[in-house]
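Read through the structure below, which is laid out as structure tokens, and then see the notes.
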Amino acid sequence: MGMWASLDAMWEMPAEKRIFGAVLLFSWTVYLWETFLAQRQRRIYKTTTRVPPELGQIMDSETFEKSRLYQLDKSTFSFWSGLYSEIEGTLILLFGGIPYLWRLSGRFCGYAGFGPEYEITQSLVFLLLATLFSALTGLPWSLYNTFVIEEKHGFNQQTLGFFMKDAVKKFIVTQCILLPVSSLLLYIIKIGGDYFFIYAWLFTLVVSLVLVTIYADYIAPLFDKFTPLPEGKLKQEIEVMAKSIDFPLTKVYVVEGSKRSSHSNAYFYGFFKNKRIVLFDTLLEEYSVLNKDILEESGMEPRKDGEGDSEEIKAKVKNKKQGCKNEEVLAVLGHELGHWKLGHTVKNIIISQMNSFLCFFLFAVLIGRKELFAAFGFYTSQPTLIGLLIIFQFIFSPYNEVLSFCLTVLSRRFEFQADAFAKKLGKAKDLYSALIKLNKDNLGFPVSDWLFSMWHYSHPPLLERLQALENSKQD
């Protein structure tokens, strides 16, 4: 009886109180669900202390233990940072942080001679202050993650000076993109009339395509050094493989990721007939700084044929060597190019834009509802930017959670398909060994809770991918 009475009381509340209560309730429900999943996975990290029989050929016990401890530390960090983030978000909502920041932005505009009629100017000041607050509160967590966890497990390659310079640079570059784009978007919404949502969607589509086009050429080089892959066997083989599947490759770059971290990666970018491939130096055995350090530590450069080296050097190099051989790099690229050939990139863009259009359409339907603004402390004014924030971040959060899960499931399906494509190129054996090496280099833990992996993993677990490749490897 008591439960029904409390439900009745809730429905008798004003609409804005119900909306606010529902947003907070959903936020904590998602947080508790994520925490429950993380605890299930954490139990696996704690209890799986020996290499399972099916992984015996894949992982040695030393690497297994290293990856277990690394993931355990990451899990602990994730718990505390997630709890802080949820409490911070709740306190901001409960104590009216959003309307306070809006009023503060108005005050700053007033000092500069801009009245309340300059809503777009006030919106830009609000965005600047909000992102500054976010950057400052996130900084201690980022520092701890980089200089304690990543450092402890041998991944961090940054100095404190490099890190801080990088953080300032990221903040400035973000503002240079965020503020002009936001001001134009708000202007389009203001003058767009009844069909503003179509113009707003088209504008964000153009901006996202422009950013994808210029990112690797103009934005990424501000943070990392890109050099063309030198002429040689690897470059030649990449070009041959690209040509065999009609991939319009124009350039191959190596990015100096090792200055930041020893984690490895590879990707391609560009539109139409202008595609480029980017390889992290940490992916390439012969470029890896870590390998050079190991050889320097050993006090001598091993000969290419390996003859005449001491057993100690051979063992050191064998156990610690990072990155993949050329054949394995080609297999990894075969997988990446599979995403392009099978249309995964285009499908993801289409899904993203359909979602974006739907969100702008629903925003147009909801923007006139004053109770949405009142729920978050805006009783007398309904600024467009605040409307975007409330609707996209809070009102759409249940939809965003469902969409995110569906995209995770789709991503895993795409990964299997890209592996199968690399198989068809005859790269199964090399991809098999590359996946094992990359898992070892990045200290991935190969045992996962089924519910945690189903909800979170955008890539299938290592064992599943290896089993799918195993048949053709044996062939």
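Positions of Cβ are set from backbone N, Cα and C atoms, glycine also.
The following features are taken from TrEMBL:
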TRANSMEM  20-38  transmembrane segment
DOMAIN    41-225  domain 'CAAX prenyl protease 1 N-terminal'
TRANSMEM  77-102  transmembrane segment
TRANSMEM  122-144  transmembrane segment
TRANSMEM  171-189  transmembrane segment
TRANSMEM  195-216  transmembrane segment
DOMAIN    229-471  domain 'Peptidase M48'
BINDING   H335, H339, E415  Zn(2+) binding site
ACT_SITE  E336  active site
TRANSMEM  357-379  transmembrane segment
TRANSMEM  385-410  transmembrane segment
ACT_SITE  D419  active site, proton donor
Enter the number of other CB atoms within 10 angstroms of the CB of the residue listed as 'active site, proton donor'.
26
Looking only at the recorded stretches 20-38, 77-102, 122-144, 195-216, 385-410, which one has the largest tally of CB-CB distances under 8 Å to the transmembrane segment (171-189)?
122-144
Determine which residues of the same chain, besides H335, H339, E415, have their CB within 8 A of the center of the CB atoms at the recorded Zn(2+) site, and list them by sequence.
E336, G338, H344, F414, Q417, A418, D419, F421, A422
For the domain 'CAAX prenyl protease 1 N-terminal' (41-225), the mean pLDDT of the predicted model:
94
Closest to the residue listed as 'active site, proton donor': which of the recorded positions H335, E336, H339, going by Cα position?
H335
In the structure shown, which of the binding-site residues H335, H339 has the fewest Cβ neighbours within 10 Å?
H339
What is the number of other Cβ atoms found within 10 Å of the Cβ of E415 (Zn(2+) binding site)?
21
